[in-house]
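Undergrad: Okay, so Swiss-Prot annotates it like this:
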type    : residues                                 : note
BINDING : GLY12, GLY13, GLY14, LEU15, ALA16, GLY17 : FAD binding site
Amino acid sequence: MPQSADPVHVVGGGLAGSEAAWQIATRGVPVVLHEMRPQRTTDAHLTDGLAELVCSNSFRSDDPEGNAVGVLHAEMRQAGSLILTAADQNQVPAGGALAVDRDGFSRAVTKALEDHPLIEIRREELTTLPPAEWDKVILATGPLTSPALAEAVLSLTGETALAFFDAIAPIVHFDSIDMGKAWFQSRYDKPGPGGTGADYINCPLDEAQYHAFVDALIAGEKAPMRDFEAKTPYFDGCLPIEVMAERGRETLRFGPMKPVGLTNPHNPTVKAYAIVQLRQDNKLGTLYNMVGFQTKLRHGEQARVFRTIPGLENAEFARLGGLHRNTYLNSPRLLDGTLRLKADPRLRFAGQITGCEGYVESAAVGLMAGRFAAAERRGEALVPPPLTTAHGALLAHITGGHVEAEEAGAPRSFQPMNINFGLFPPLEEAPRGEPGKRLRGAEKTLAKKKAMAARALAHMAAWLDTPARAA
């Protein structure tokens, strides 16, 4: 593949920026990757590594047939994703999910980018709009975009940014968990990548313990919000556990503490009223994170409240939970169909700042932005992935998913979105069962998902194989 002399500048070394830089460089186009850490850090980052995971260590389901994020995984592998390659190399057992050793994952991404001959990494903060001589730029500054740069971008658009909160779950040392009360089991004994079907630690609560826990959560002292945070809405996919508890006493046991698909081997005849799950957080198996337990409780309150959970009475925390404010653009109004800023098309955006939600989605948007930028630099036509693919469905949501609804007289605010089958266009033909058998209920739903997944992977492969043509 012939090389292009002029670089594309990628600002931000998170999941999206790292993936974008990789996709550009592998297409023979030089890249300058700008990362402000360690010169300037954030409240959520702990290292200066590229693609650091600041929240969960899970990339969610790896099922390429029945789960939309699993389809996105598969498409990214088809496209030579650096993020998925590093995740596969650093996976830890997690039932049906793809979870990673966060430090090993970040090191693998950092090394791959440092070793690529067409990638230059500059450790510096960008506080203003990129200089005019940077004619191709991807801004992948993420949910923790520095205030100065956010203001500079907003001054160009005339719009205000939307913001939401992401909360961070606590991490517990394995050897402090009482396995005489807790046990290993995946829900419904389902194995996943590198897993055994017994990949989660489960802590059971009876009805009285559950209600006492809910009371303690609600009464627990929360960290105060700064003035600018008070009006910021939470994203439903990452609600603090105490906010869920405040929404209803039974909310948690139908959410992250649901007891279904699990049997306590210490007391197999008694069904738990609720169950707390912990997922392996590092390859050594020495750390486990509390699934769905992101929180804004003060640190002292967290230790006190979470130690009321059976099995965690003597828990030692490697990290306590926290909360950080995320910022994202009103992308349907501000970005075109290839993620360029309408007000200044030399600027392209990628990752969570575009309004996608989740590690995998952020990296996928980075993958598309990188391919678009490389094609543009090489004078090739910009062809978005088909709407029938997970990438195409995600892109359509970000760049146009809400504008049509508003124009039709049904306004609603643009919100962060995980990939899901609801973003895919309907099947041209409904799946059929065996001759003489009509699909119904769950069987019909699963057949539709499998058909959508098969269509997505076939169409993604065809898109990737399409020869480039001149713009």
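Including glycine, each Cβ sits where the backbone N, Cα and C put it.
Are these features on the surface or tucked inside, and what touches them?
TA: Residues within less than 8 Å, Cβ to Cβ, of GLY14 (FAD binding site) and separated from it by at least 6 positions along the same chain comprise LEU50, ALA51, GLU52, ALA140, THR141, GLY142, GLY351, SER362.
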Undergrad: With an 8 Å cut-off on Cβ distance to the GLY12, GLY13, GLY14, LEU15, ALA16, GLY17 Cβ center, who else from the chain surrounds the FAD site?
TA: VAL10, SER18, GLU19, ALA20, GLU35, LEU50, ALA51, ALA140, THR141, GLY142, ALA350, GLY351, SER362, GLY366
Undergrad: Among the binding-site residues LEU15, ALA16, which residue has the largest number of other Cβ atoms within 10 Å of its own Cβ?
TA: ALA16
Undergrad: Around the C-beta of GLY12 (FAD binding site), how many further C-beta atoms are within 10 angstroms, looking at every protein chain?
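TA: For GLY12 (FAD binding site), the 10 Å Cβ neighbour count is 30.
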